[in-house]
Structure formats: C-alpha cells, structure tokens
2 protein chains.
Amino acid sequence: MPEINRLDSTNADFGARLDALLDRLPERDSQVQSVVADIIADVRVRGDAAVLEYTRRFDRLDATSLEALEIPRERLKAAWDGLPTALREALSTAHRRIRDYAERQGLQGFSFIDAHGNELGQRVTAMDRVGLYAPGGKAAYPSSVLMNAVPAKVAGVRELVMCVPTPDGIVNETVLAAIHLSGVDRVFTIGGAQAVAAMACGTQTIAQVDKIVGPGNAYVAEAKRQVFGMVGIDSIAGPSEIVVICDGQTDPRWTAMDLFSQAEHDEEAQSILISPDAAYLDAVQAAMDERLAELPRAGIVRASLRARGALILVRDLSEAVGVSNHIAPEHLELSVADPDALLDEVRHAGAVFLGRHTPEAFGDYCAGPNHVLPTSRAARYANPLGVYEFQKRSSLIRCSPEGARALAPIASRLADAEGLQAHAASARDRR
Amino acid sequence: MPEINRLDSTNADFGARLDALLDRLPERDSQVQSVVADIIADVRVRGDAAVLEYTRRFDRLDATSLEALEIPRERLKAAWDGLPTALREALSTAHRRIRDYAERQGLQGFSFIDAHGNELGQRVTAMDRVGLYAPGGKAAYPSSVLMNAVPAKVAGVRELVMCVPTPDGIVNETVLAAIHLSGVDRVFTIGGAQAVAAMACGTQTIAQVDKIVGPGNAYVAEAKRQVFGMVGIDSIAGPSEIVVICDGQTDPRWTAMDLFSQAEHDEEAQSILISPDAAYLDAVQAAMDERLAELPRAGIVRASLRARGALILVRDLSEAVGVSNHIAPEHLELSVADPDALLDEVRHAGAVFLGRHTPEAFGDYCAGPNHVLPTSRAARYANPLGVYEFQKRSSLIRCSPEGARALAPIASRLADAEGLQAHAASARDRR
C-alpha cells in the first residue's frame, strides 16, 4: 500500500502534526533573487536587445529581432485547425463554459445621492493591457491558457499579450490552439524573468502592460514579485492541494483517485482526506493500492502522498470542517450526503466541490469556475482568478454647491486636527 | 512666486519631460531589507519576547509582557470622551459617511444551473482576523484609522487587531478616539517591522491575522512586502498625488490651494495642473504666491512643487484627459463645467472629483469613499481600499449525476491531452 500520513484529531499531538504537514512558507532563494534582479535591470535599460540575448542563452533561440519571435495569428489558427476533432470540441466546450461563468463575475459600479445633494459612487473600468505568462516544456497546459485569458477577455481588457517560452524551438500545438481560441492579441516565444521584465517595463517591441498573470517556474515567480509595483500581479502559486471531507459513503475507489489527481501534479502537491469513519480511511488506502496501477505517474503520486498526504480521522463532520478551515485548502470536496449542511460552516476554500459526483478534476478543465485558485492557506484572504482581477474601481465624488457647504466644516475641522492646513483651507474655500 | 515645472504638450520633449517627473520606481534599500528580514525571523521564533525587545530598543518602552502594551478599551473610551465636542462630532459624521458608502461596496455571490443540471456559483465570506497598522508620531492620522477600520467592520471581519507605536509613550488622543469609534477589538502599542511580523506570524499574545493593512514608514512597508504570502497585504503606498484638469473657469485661488493640499504632505508629493488655458496657468501660479502665506507648511509645499509639481498646457480638455490617463493619478479633479463629458474618457484614477465644488480634501476626510487609493500609477490595475478587500470569494460546483456524465468526457479528454491520467480517471469515474 502507498505510504501516507495517518492523523487522529483525538491525539494530543494532532495540531502539531497537522501544522508540520502544512508548513511550507515560500522559500526565496537569494541566488534566484539576484539573477532575476540583474535580468530585470538589464531589460529595463536595453529592452529588446537584452530579451533576445537571454532568449538565446536560456532557450537556445537565435533571433535577430523580437518581431521574429512573435507567433503570427495564422500559425495559431493552423495549430487549431490541426487538432483532432474530439480535442477541439472539448476545448471549445470548456472555453464556452469558462466564459459563461466569467460573464457573471464582472464588478458593478454604483452611485447614490446623500442628504445634501452630493453624489457618491464607484466606477468600474477594465485594464488597458494585460500580460499572460504560460510556461513551456512539460508544464505547458492548454487549460491554463483558457483559465488566464478568458476572464481578461470578458473583463474587456483592450489588449492581451502572451509570452510562452519554446526552448529549442519546441512548441506545444494544443497550447497554440488554446491561444487561438482565447483571442489573445500578440504572442511571443520568450520566457523566464526576461519575459516578465519585458511586459513589466516595456521594450521597443512589447508595450508595458498593467498586470501580469499566469504560472511559471521559480524565476518567473521571483520576477513577478520584483516587478510588483510597476505592474499588478496575480498571486504566486504554491503546490496544488486538495482536502476531501467524506462521510464514508462515497466509493473509496473514487476518493482514492480524487486524491491522486492532486498528488500527480508533483511531489510537493498535497492530498488530504478527512473522515469520521476509520474503516473508510482504511478502505481508501486499500483502494489507493489497487488504483495506483492505472497511473503512469505513480512514482510522483507515491512521493507526494508519503511526504505531504494525510488520512485524518475526526470525531464528526463538523470537526472535519474545522480542520479544513484551518488548512484553508485550494480545493475542498464535500463528498457527503448533505453538503449544504457543511458548506455553511466552511470559512476558507478556493473552490468547493459539492457532493459525490463533483470531482475536483471537473473544476480543472470545464465546470466553468477558474482553476487558478489561492494555495498555501491564501484562501484565508485571496480570491480565485476572475473577471474582477482584470477590472478596477475608481471612487466618484460630485458635490453640489450646497453639499460642499455641508462638508466643508467637517473636513476643515478634521484637517486642522491633523495639522494639514492646506487641506483645511481648500475645504473652507467651498463654504 | 513658487517654482514649479511648466510643460507644454506641443513641445517635442513633452513626453520625456513628463515621464521624468513621474519616474519614481519604488527603491528598495537593501539595508532595510536585511534588517527587516532579521526582525521577522526573530519574531517568528521567539514571539512576544522578540517583540518586547524591539519595542524597548526602538520605541523606548519598557514592558515585561505584551499584555502590558495592550491599550484597554476604557482608555480608548476616555480619549473619545475627552475630545472637544466639535471634533467628536466631525469624527462621528465622517465615520457615518464612510460607513454609508462602504455598505454599498460588499461583494455579492451568485449561482446558476447549467443545461445539464449542474450548479455553478460564487460564495463570498469575510476574513476571520485582520491586522491594522497605524503609524505613530507626526504621521498619526485619525482619518486613516477610520478609513482602514470601517470597511473591515462593514465586511464582517470577526476580529480587528491594531498596532500603533507610541515612541517614548507619547499617544495621540484623537487617534485613540478614532480607534474607539471604529470598534477595533484589540490595540497594542507596538510598531515597525516587529508589529507587522507579530500579526503575520502570530505570537503567544497576538493571534495570526489573515491580512494586514495600513500605512507606515519604510520598515513597515518592507515588512509587509516580506510577509506577503503568509498573510494578505494592501498595496504599498507611495507619495500622494493629484491631477487637476481645469477649463480655466475655476477661481485660481481654489485651484492653487487644491494643489497645495497634496504638496503639503511631503516633499515627494506630486501636484499637477493641466489646462488648455495658458493665462489660467499663470493666474494659478500667481495665486499660489499669494496663498502660500496662509500655510505653516509652506516650506514643504515649495519643495514639493519645485521637485515634482507641474503646470501643463495642453491643446484641449480631451488631450488633458489623455495626459491624466498616462499619469493614472491617485486623485483626479475635473474642475470643469461639464465633468461628465470628460469622465467618459477617464481610464485610470483612484478617485475622481467632479466639478469645481469638489476639492480632494473632502475625499480625505468625510465624503464617504476611502482615502486609501492606488499611487505611483497603480490606478492602472489597483482599487481603492474597500469592503471587498476584507472579503474573499470561493467557487462552488455541484454536479448532479446526469450533469457529471456530461462533463466527464470533456474533462477526461483534456486531462489526457495534458498527460494527467489521475485527473482523467477521476473524471471518468463519474460517467
């Protein structure tokens, strides 16, 4: 049977053991930090030339101009046309469902008039230009292209620029097809910190963007951290996580495979099952043994389960939710007869999958909600990626002459108390 | 007359001169970075003891326990009761108006059923615990306490913890009164990186928070950057900025004082007037000369205007908005006869003040919208502080058995294309 941690909430050391399993503060490698800082500084000064040089060095692509690294729209369309029909239809359906969900997410402005005739409001506008990063190589996922691009399109962003590295010129046709489907405006085959720097600072060929989103390796993540402030960024994704809460009545084979579907991502991924039914935990562990044989990535799954996986026995389902709230997982499956009863108690989770017929994998591809979700306990304070991440609000204030006379003495009194006399005088001018 | 940069959009070097005035990428002092990293690491390991030690060293407060540095509620109430009546009333009115505005800002969830009977939704919950930072000393502003605490309260955050340093034991009574009014749950007289670290990591006395908001000095800002990922943070505030677009018909004395009201914050603050009327720019500069005499902080105002202020002549009001969109200012006054005509073209601004009777100072204190706004061009992608910054969304997915059968082949096909066989198998289990 695969090794996996077994915890029991009635044990005195339960809290400590759980926290030890969860503890993985993002470590920042000072070597990576300084390499990235140098690349950003260089791209900022030398622009295209620096990007070309790093692309030559890291991706072994020898281009004489950044334009030569842009993928023409016809090439994207050709990739789309070349896909097997079944795959093209699956991508189309996923795209439509992601868009349908996103269309309900847009922010709304408002406006109201106070008792003095002043108008107060909030206005929503889309960003002008957004940069999408898509990893190359083995982590090149067409589903990520859809999940990052579709909400930006729905938000009304005027221009989407994408960077996707193609080391040694190797391209992923399904990724190109997904880019075509998403309606991205410009695509460059550059990657790493140099791609992030180019989008954040702007170069001769790539205009500065307002925000950069999308997953990447340690260099990309560090580059996003360092350019934050020049541009907005999405959250820095940690390893993927799932918590399954089960009442013991779901087919243990299903639960085993749901846990595997996180564990197969990488050795750092985390799969946790919580149940008040000890026999069920045993049954799932037995089912794991059996179903591992189905998986080409069994080695990764075993390593992930051994290092970070857990089967947790609790007193009851309410305690299970309490444990999950502490974990604040990226994905939470409520694999129980009455998920609504538990949902009321759920405080923190990136996405909640209700009932036994809702595996997390649906959310990764085609249910509709975004698969970019807060990890590493960030569901305590952060949001799934969504349309709202590509819009921003402006406050609106419009005073009538009478309304200004009502506000002037309040503002000037508070400004005087803070020693800001120009504020006070500016307010009093409208008395 | 006070020195101030004069720019003309018809000059060939206009773009370069404007960008030179705007350019102020946040510089990160490596000395500050390493001091802060050490403090955070120390507080993380030693908790209360470390916080007490730094508070002794930096604020010269000698306490034997962190409990001794907590301000009792009675002390806050006494500060409130001790305020002059007029100031108490001004604070109360400001509080009520900020709350009334915030109450319209809360996020809304949604839910819908797809063609297959699957439910897809978005659920909104408040954060559990939020940490507010308020600076001590000369930058101690009661208005900041209201602006940070009120939206968190309206969001339904369960516990608000506040840290406000009191170097040498000196407290600001108006700040304490504002804390009382805001309904903050616990207040500690600690500050700097050690206060941020205590809230981010948790100590024996201070529970870990989910998000930290509020302004502070360079050490506080760097500490917030470094703990991001353990907790959420608000944006890192740069110097304050205002752009006034005027058609030349507003009393130049008013406009002069509106520009001063940013310039008086500090030498780094930025005040920019844009108008198509050259004579008006001259008139405002003359009015500045006259009105500087009203200001105790005239030295700061002069330095700010000389280094970072500008009077910009443009061809017409539409070009004025274009220049403003490039600046993406924190505050934008549309001091014109028909502000709505210009508002349609405004793409980026933290807050927009419509018409001649709406000085920015109203927004700082009592209009209702939050005065914590994106600076340094961040209005391109960031929001004013608001209720939504203390809430977060979870995606909801609930599949019916039939609905699961419809999604299973799509998800499994895409998962197979990505080489993630456990995902594919987990989806196929629900066929």
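Keep in mind that glycine also has a Cβ here, set from the backbone N, Cα and C atoms.
According to TrEMBL, the NAD(+) binding site annotation covers A:Tyr133, A:Gln194, A:Asn217. Counting every protein chain shown, 29 other Cβ atoms lie within 10 Å of the Cβ of A:Gln194 (NAD(+) binding site).
Sequence-distant neighbours of A:Glu418 (substrate binding site) (same chain, six or more apart, CB under 8 Å from its CB) are absent. Among the features that TrEMBL reports, substrate binding site is placed at A:Ser240, A:Gln262, A:His265, A:His331, A:Asp364, A:Glu418, A:His423.
The Zn(2+) binding site annotation in TrEMBL covers A:Gln262, A:His265, A:Asp364, A:His423. The Cβ of A:His265 (substrate binding site) has 22 other Cβ atoms within 10 Å, all protein chains considered.
The feature active site, proton acceptor is assigned by TrEMBL to A:Glu330 (among others). Long-range Cβ neighbours of A:Glu330 (active site, proton acceptor) (same chain, at least 6 residues apart, Cβ-Cβ under 8 Å): A:Ser240, A:Glu241, A:Ile242, A:Ala349, A:Gly350, A:Ala351, A:Leu373, A:Pro374, A:Thr375, A:Ala379. In the three-state DSSP assignment, the secondary structure recorded for A:Glu330 (active site, proton acceptor) is coil.
If you look up TrEMBL, you'll see A:His331 (among others) marked as active site, proton acceptor.
For the NAD(+) site listed in the record, the two most distant Cα atoms among A:Tyr133, A:Gln194, A:Asn217 lie 13 Å apart.
Each of the binding-site residues A:Asn217, A:Ser240, A:Gln262 was scored by the number of other CB atoms within 10 A of its CB, and the lowest score belongs to A:Asn217.
Across the structure, A:Gln194 (NAD(+) binding site) and A:Asp364 (substrate binding site) are spaced 29 Å apart at their Cα atoms. Contacting chain B by the Cβ rule (under 8 Å between Cβ atoms), the binding-site residues A:His331, A:Asp364, A:Glu418, A:His423 reduce to A:Asp364, A:Glu418, A:His423.
Distance between Cα atoms for A:Asp364 (substrate binding site) and A:Tyr133 (NAD(+) binding site): 18 Å, as a whole number. Recorded residues A:His423 (substrate binding site) and A:Tyr133 (NAD(+) binding site) have their alpha carbons 44 Å apart, per Cα-Cα distance.
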